[in-house]
Amino acid sequence: MKDFSDVILCMEATESSKTEFCNPAFEPESGPPCPPPVFPEDASYSVPAPWHGRRPRGLRPDCRFSWLCVLLLSSLLLLLLGLLVAIILAQLQAAPPSGASHSPLPAGGLTTTTTTPTITTSQAAGTPKGQQESGVSPSPQSTCGGLLSGPRGFFSSPNYPDPYPPNTHCVWHIQVATDHAIQLKIEALSIESVASCLFDRLELSPEPEGPLLRVCGRVPPPTLNTNASHLLVVFVSDSSVEGFGFHAWYQAMAPGRGSCAHDEFRCDQLICLLPDSVCDGFANCADGSDETNCSAKFSGCGGNLTGLQGTFSTPSYLQQYPHQLLCTWHISVPAGHSIELQFHNFSLEAQDECKFDYVEVYETSSSGAFSLLGRFCGAEPPPHLVSSHHELAVLFRTDHGISSGGFSATYLAFNATENPCGPSELSCQAGGCKGVQWMCDMWRDCTDGSDDNCSGPLFPPPELACEPVQVEMCLGLSYNTTAFPNIWVGMITQEEVVEVLSGYKSLTSLPCYQHFRRLLCGLLVPRCTPLGSVLPPCRSVCQEAEHQCQSGLALLGTPWPFNCNRLPEAADLEACAQP
């Protein structure tokens, strides 16, 4: 067998007719090169080419396999490009537009969590009022508390303007620059209204000075100008009656540069007053400026009436009376006489508590002080009023809202020894007339209570309206009967009291709980007398509870909620109760 170390196939011309193999190992070094091969002219004759040269004529590539690879690679590339474009578009949509806030807040407010959220307020120029006038209405933050650290901002009760939830305790900390002060305005208010704002309330406290203002009801307070850079706002609700809450704004201002709304009166100490507090007979400003020039403001309204009889009426009588009026008629007749007063064509704005437009009638007592006979409003005229002395004062007041036709009134002086009462009326011992239907109704209609002195044969003893105390928290007091409805706090049944007191179970852990319980039960479940009337707790009960509980409530962030001076003293055992 012949072993070749190298084989070279040389093809030069198509004219070569034969193929020669050359092995350099057997050739001389100076020998001639490999002669060119000679191929026959027959075209049918072919020589296969080496694999490292041109392809043989009889072999073709697999084109279908190549195009399949190209198609797969192209599809993969397009898929990657589409994914990249989608990612870029998503990032562009998520990015805030130029000039927008870096911490945008949703229109519905932040979701309330167990931790106190931090709320970044708007940094745009202009006051909140200016923003509203320009048509920009920022969405109020309805979260339950938080930190308000911007130079201005809005906040509101949870769910506003829908009713706020029960058992709520929200705390907002308003913080502005230390060289600025805070101005705050409550634009809308609807919170359960009870004396001293005992149940639902909004408290404003500039820190570290302490409590300043407690708010409830439906009338927003005037603009508040403070001298503090940190304001604490607390909103508390119990488990029963609800309202739609409040909506407020604040802004930073230079100290001493506060302002008031266009319909408010400004005192020189940056105190703002509502129109109802101007020319009301009480100096609210330190310089008394709110009670000056009142006669010019209410010209043709009120006056002194000294004749034995006379007539007076509201401005623009039988037409719409003006807004923001304060008229006072002083009726004075000779001593030894009394005054009978009657109203005609009575038409004032109606409201359950006569808070807006109303008439008040006062009479003088033996000491010369004025005492209130009654406040009246609506379309039903007041009853005939008879004074026990020779002086009466009639006060007519209107607000800036609804107006009506007003009234006219006549008065007549008569000798105090005469009886001016009609056939269906009985006279009070201290003077005045009351209808027979009001006698022995367990309510003191006469100022001296003589209408309920029912021991005589004319009036049989009334049926007792007392009922057993059923409120668990108030069992074991010095009395065991009460009477409802309770007009002091506006509760109809004891079941309502149970619902209210359920929000105060947390106070049972306080060392002063028993003192606070006596006061709270004395107010909500008052003592019932044998005649069916009720007695409030004595002032000493309230003062003792305040002394024992004030510091403990302060630790809970709640100031003392009662004004003890509104309760009677214990000098008269029939005037108050010791629960």
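Quick reminder: no glycine exception, Cβ is built from N, Cα and C everywhere.
Among the features that Swiss-Prot reports, topological domain 'Cytoplasmic' is placed at 1-69, with the record citing sequence analysis. When pLDDT values are averaged over the topological domain 'Cytoplasmic' (1-69), the model yields 50.
As annotated by Swiss-Prot, transmembrane segment applies to 70-90.
Positions annotated as topological domain 'Extracellular' by Swiss-Prot, on the basis of sequence analysis: 91-579.
Swiss-Prot lists 100-143 with the feature region 'Disordered'.
Feature annotation from Swiss-Prot assigns compositional bias 'Low complexity' to 111-121.
Taking the Cβ of CYS216 (disulfide bond) as centre and 10 Å as the limit, one finds 23 other Cβ atoms among all the protein chains shown. Swiss-Prot lists CYS197-CYS216 (among others) with the feature disulfide bond, giving similarity to another entry as the kind of evidence.
Swiss-Prot lists CYS260-CYS272 (among others) with the feature disulfide bond, giving similarity to another entry as the kind of evidence. Counting every protein chain shown, 18 other Cβ atoms lie within 10 Å of the Cβ of CYS260 (disulfide bond).
Within 10 Å of the Cβ of CYS267 (disulfide bond) there are 17 other Cβ atoms, across all protein chains. Annotation comment: Swiss-Prot describes CYS267-CYS285 (among others) as disulfide bond.
The annotation disulfide bond is assigned in Swiss-Prot to CYS301-CYS327 (among others). Other Cβ atoms within 10 Å of the Cβ of CYS327 (disulfide bond), summed over all protein chains shown, number 19.
Sequence-distant neighbours of CYS377 (disulfide bond) (same chain, six or more apart, CB under 8 Å from its CB) are LEU348, GLU349, ALA350, GLN351, CYS354, PHE356, ASP357, TYR358, VAL359, listed in sequence order. What Swiss-Prot records for CYS354-CYS377 (among others) is disulfide bond, and it gives similarity to another entry as the kind of evidence.
According to Swiss-Prot, the disulfide bond annotation covers CYS421-CYS433 (among others).
For CYS428-CYS446 (among others), the entry in Swiss-Prot reads disulfide bond, with the evidence type similarity to another entry.
As annotated by Swiss-Prot, disulfide bond applies to CYS440-CYS454 (among others), with the evidence given as similarity to another entry.
Residues or ranges marked as domain 'FZ' by Swiss-Prot: 461-579.
The DSSP secondary structure for CYS466 (disulfide bond) is coil. If you look up Swiss-Prot, you'll see CYS466-CYS528 (among others) marked as disulfide bond.
According to Swiss-Prot, the feature disulfide bond maps to CYS474-CYS521 (among others). Every protein chain shown contributes to the tally, and the Cβ of CYS521 (disulfide bond) ends up with 24 other Cβ atoms within 10 Å. In the three-state DSSP reading, CYS521 (disulfide bond) counts as helix.
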Distance [Cα-Cα, Å, rounded] between CYS327 (disulfide bond) and CYS272 (disulfide bond): 23
Among CYS197, CYS528, which are disulfide-bonded residues, the residue with the most C-beta atoms within 10 angstroms of its C-beta: CYS528
Per DSSP, three-state class assigned to CYS474 (disulfide bond): helix
Neighbourhood of CYS301 (disulfide bond) by C-beta distance under 8 A, where only residues 6 or more apart in the same chain count: THR314, PRO315, LEU325, LEU326, CYS327, PHE396
Those disulfide-bonded residues, out of CYS197, CYS512, CYS528, that come within 10 angstroms of CYS272 (disulfide bond) at the Cα: none
Cβ-Cβ distance under 8 Å to CYS285 (disulfide bond), same chain, at least six residues away: CYS267, ASP268, GLN269, ILE271, LEU273
